[in-house]
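Positions annotated as NADP(+) binding site by Swiss-Prot, on the basis of sequence analysis: ARG48, ARG54. If you look up Swiss-Prot, you'll see ARG132, SER133, SER134, ASN244, ALA245, GLY289, LYS304, PRO305, THR306, SER307, SER308, ARG330 marked as FMN binding site.
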Amino acid sequence: MSHNTFGHLFRVTTFGESHGVALGCVVDGCPPGLALEAEDIQAELDRRKPGQSRFTTQRREPDQVKILSGVFSDDRTGGRQLTTGTPIALMIENTDQRSKDYSEIRDSYRPGHADFTYDAKYGIRDYRGGGRSSARETAARVAAGAVARKVIPGITIRAALVQMGPHAIDRANWDWEQVGQNPFFCPDAKAAALYETYLDAIRKDGSSVGAVIEVVAEGVPPGLGAPIYGKLDADLAAAMMSINAVKGVEIGDGFAAAALRGEDNADEMRAGNDGRPRFLANHAGGILGGISSGEPVVVRFAVKPTSSILTPRQSVNRDGAEIDLITKGRHDPCVGIRAVPVAEAMMACVLADHTLRHRGQNGERP
């Protein structure tokens, strides 16, 4: 299997399967001299790890990260552990696998999953928990994202769940402080209360539901990205689309821009006090012509309902026989919830990569 690496200068390769011994990543291209401790990475992993509420999978994984390489400390570093510029290997052990839950479906194709397509492509697949196609892989991305944040300390990246099923938040109630106060990463306290009742009913039905996630990067300087094939928004879209269960991505106003007139959609400018242009709106989501404008970079993506549900569904097995299938095991009733820290990580990795690419071509030119 190829295509397990993304990025150009800040490169991340992830490895591991849902029920394997461990998973992790190798981060190559991280500049030397950055302070990096396991605790920095663990803080991000703890936000994503499973089993923290009844609204996520009850698989209990501590997700303890180990830094295997790429850092060093001695008396000359003042006791600080610093990156060396060499590949940073990060490992997270799997400790709570229940592979027996999947023994009954080893030869069956679960509707909505990658079972059939993996078989069609490779002729062999790890059916335990979805193997490489499991959202468990995203733990490695979150670990890499924690390293990426060290490369872009002046940029603040935050994400939130802004819709669950048909229920969108009231943007007038948006409060970033609320994101850490409820199990949904929701910025609207009233919507979070609704989601609790709504998702409880979904769980009792043995079903699942989708969500919309919004991620915002503030402090992004103008100039990141490149025309045509190196567009910042193209790389962000690819990064978000690579997250499990994501079926649509939009930048700024996205698809809503199609309903606007030109005079409504254009981000008008006036002169700022610092001599730089000041934008009067941000319909473009902080990116124009594939290059950051200095406005907040805004990305949203849609996550489909978790495919593993207790409702019987029609399918076939490897022999072509028609079957009715119920997926057992421990699953997220809304996989979009834990996609929030993953979205932040992918934004961080892309912005770190483009920061290094910009620096490589233009030096430190602001």
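Each Cβ is built from the backbone N, Cα and C atoms, and glycine gets one as well.
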Task = Indicate whether SER134 (FMN binding site) is helix, strand or coil by DSSP.
result = coil
Request  = Check each residue in the chain of ALA245 (FMN binding site) that is at least six apart in sequence and keep those whose C-beta is under 8 Å from its C-beta; list them in sequence order.
outcome  = ALA135, GLY210, VAL303, LYS304, THR306, SER307, VAL335, GLY336, ALA339
Key: Three-state secondary structure, ALA245 (FMN binding site) (per DSSP)   = coil
Key: Cα distance (Å, whole number) from ARG132 (FMN binding site) to ARG54 (NADP(+) binding site)   = 25
Inquiry  = Please identify, from the binding-site residues ARG48, ARG132, LYS304, the residue with the sparsest Cβ neighbourhood, meaning fewest other Cβ atoms within 10 angstroms.
reply    = LYS304
Key: Neighbouring C-beta atoms (10 Å sphere around the C-beta of SER134 (FMN binding site))   = 19
Query = If H, G and I count as helix, E and B as strand, and all else as coil, what does DSSP give for ARG54 (NADP(+) binding site)?
reply = coil
Query = Relative to the Cβ position of SER308 (FMN binding site), how many further Cβ atoms are located within 10 Å?
reply = 23
Inquiry  = Using a 10 Å cut-off on Cβ-Cβ distances across all protein chains shown, tell me which of the binding-site residues (ARG54, THR306) has the largest neighbour count.
reply    = THR306
Ask   = Closest to ARG48 (NADP(+) binding site): which of the binding-site residues ARG132, SER134, SER308, going by Cα position?
value = SER134
Ask   = DSSP three-state call for THR306 (FMN binding site): helix, strand or coil?
value = coil
